[in-house]
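According to Swiss-Prot, the region 'Phosphatase' annotation covers 1-224. Among the features that Swiss-Prot reports, N6-acetyllysine is placed at Lys43, Lys191, Lys215. Taken from Swiss-Prot, the feature phosphate binding site covers Thr123, Asn124. Annotated region 'Epoxide hydrolase' per Swiss-Prot: 235-555, in sequence order. The domain 'AB hydrolase-1' annotation in Swiss-Prot covers 259-531 and is backed by sequence analysis. Annotation comment: Swiss-Prot describes Asp335 as active site, nucleophile. The feature active site, proton donor is assigned by Swiss-Prot to Tyr466, with experimental evidence given as support. Swiss-Prot lists His524 with the feature active site, proton acceptor.
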Amino acid sequence: MTLRAAVFDLDGVLALPAVFGVLGRTEEALALPRGLLNDAFQKGGPEGATTRLMKGEITLSQWIPLMEENCRKCSETAKVCLPKNFSIKEIFDKAISARKINRPMLQAALMLRKKGFTTAILTNTWLDDRAERDGLAQLMCELKMHFDFLIESCQVGMVKPEPQIYKFLLDTLKASPSEVVFLDDIGANLKPARDLGMVTILVQDTDTALKELEKVTGIQLLNTPAPLPTSCNPSDMSHGYVTVKPRVRLHFVELGSGPAVCLCHGFPESWYSWRYQIPALAQAGYRVLAMDMKGYGESSAPPEIEEYCMEVLCKEMVTFLDKLGLSQAVFIGHDWGGMLVWYMALFYPERVRAVASLNTPFIPANPNMSPLESIKANPVFDYQLYFQEPGVAEAELEQNLSRTFKSLFRASDESVLSMHKVCEAGGLFVNSPEEPSLSRMVTEEEIQFYVQQFKKSGFRGPLNWYRNMERNWKWACKSLGRKILIPALMVTAEKDFVLVPQMSQHMEDWIPHLKRGHIEDCGHWTQMDKPTEVNQILIKWLDSDARNPPVVSKM
């Protein structure tokens, strides 16, 4: 029968070095008889302290003194003396903190899941009630999102190698034994699975195990391109709504804990445009709030043009923070979201912990030239003139939403729409294919998410962001001479042919603490086009410049 499920042990397989490998390493370091600590670990067999720990009958802090006593008894039997400073707690604290995700093994699991395999973790583990328990929580939180099932011995009251846990596994997978491959680093844990008819792989080193896994599955797992970062499934996310004024609410998706980071998308997009950044930033230790900007998705979309001027939008973002009890947040924007976050830094610097923009530069207002004059002088912005008349662009963009998003969401090395002479041509899509090919950046399922979102909101609200040029200019002129002094990041994309990198060349004159990132071979849709590079740049900057300062009570 064909394999269709892959099961991975945690300790020694998905996470290295194995925690319980510390027993042998400690024996060697302290010149103790070989096997002494392992004997103490297994003392009592099915009724012993370790089995009770793994079944969740006692916690790790309860187990530690029992293990200390077992070590003392075993050392007396062996007629050896343990060092005076011998501490099982210290030994296991260090071993647990040293354990990291085995990335090649995780990548193999991701590849198998992508190819249609059901994946699971089957682990003997414990209830961790130590002061240092957050490390295990972080490890499990990151791993869980990549697997269909997680079976923890301490939660189900069964342990490997007891036969019943393997039957429980098969019931959970809804699979027959011959459809399952199981990887573990302990031979005794593999035997019952093999006796049932599962394919088993003993993991002694990762490369050898993956070669064997390749062989039994027929799927290439080694020397493959690095996978895309973890994405978001909209139905699995936590969705929130904040009413910022009567009849206007903002929708957001939230993940993670730590300093707040507000992600602000551009036109014509969605919170979902940050789908590759949300898990990465959350895993890096931030509370991510990915916005549906006003006019989009599940946020309110009032029809009035003035509802979308920057002054109103920024005031509403401040109210959003107020309603969530956030004194400050990091603001990261792209496209129009980038424009908004620069305005937040200018007019509400006390509420902005740090600010970053992808593609959109900060350019101070020119009091001697209105923005419409500037746009008319630059042919690449001709499409923005086409967007000015209410109803015209809406009709074209809403006519066939699938065509709209497939035409717009293109990588820089694919055929892209020209933004020149849009008014003269009478539309964005004139002479473009009725059925555009799908970009390598997106899947059909992702395109359909945008289609469904814009069926709800339409394009009037999103286009109204373009129809406040004069209002935004007059407001911006109030900040003439003002500098942005908070931590800031500008990320340019080499092949964005509208927001070209050269537009950002004088930003240091106005933002003295500006840091920069640059992504080569990247077009306008930066988060989708180069998600790995975006994540690396953002996390490095956040960790160095955007961690919250200590909170001092004013009570």
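Every residue gets a Cβ built from N, Cα and C, even glycine.
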On the three-state reduction of DSSP, what should I expect for Thr123 (phosphate binding site)? strand
What is the number of other Cβ atoms found within 10 Å of the Cβ of Lys43 (N6-acetyllysine)? 17
Out of Lys191, Lys215, His524, the listed recorded positions, fewest other Cβ atoms within 10 Å surround the Cβ of Lys215
Checking the recorded positions Thr123, Asp335, Tyr466 for other Cβ atoms within 10 Å of each Cβ, the smallest tally belongs to Tyr466
Return the average pLDDT for the domain 'AB hydrolase-1' (259-531) as a whole number. 96
State the three-class DSSP label for Lys43 (N6-acetyllysine), counting H, G and I as helix, E and B as strand, and everything else as coil. coil
Quick check: of the recorded positions listed here (Lys191, Lys215, His524), which one has the Cα closest to that of Lys43 (N6-acetyllysine)? Lys191
Spatial separation of Asn124 (phosphate binding site) from the residue listed as 'active site, proton donor' - C-alpha basis, Å: 57
For Asn124 (phosphate binding site), which residues of its chain lie six or more apart in sequence with Cβ-Cβ distance below 8 Å? Asp11, Met54, Ser153, Val159, Lys160, Asn189
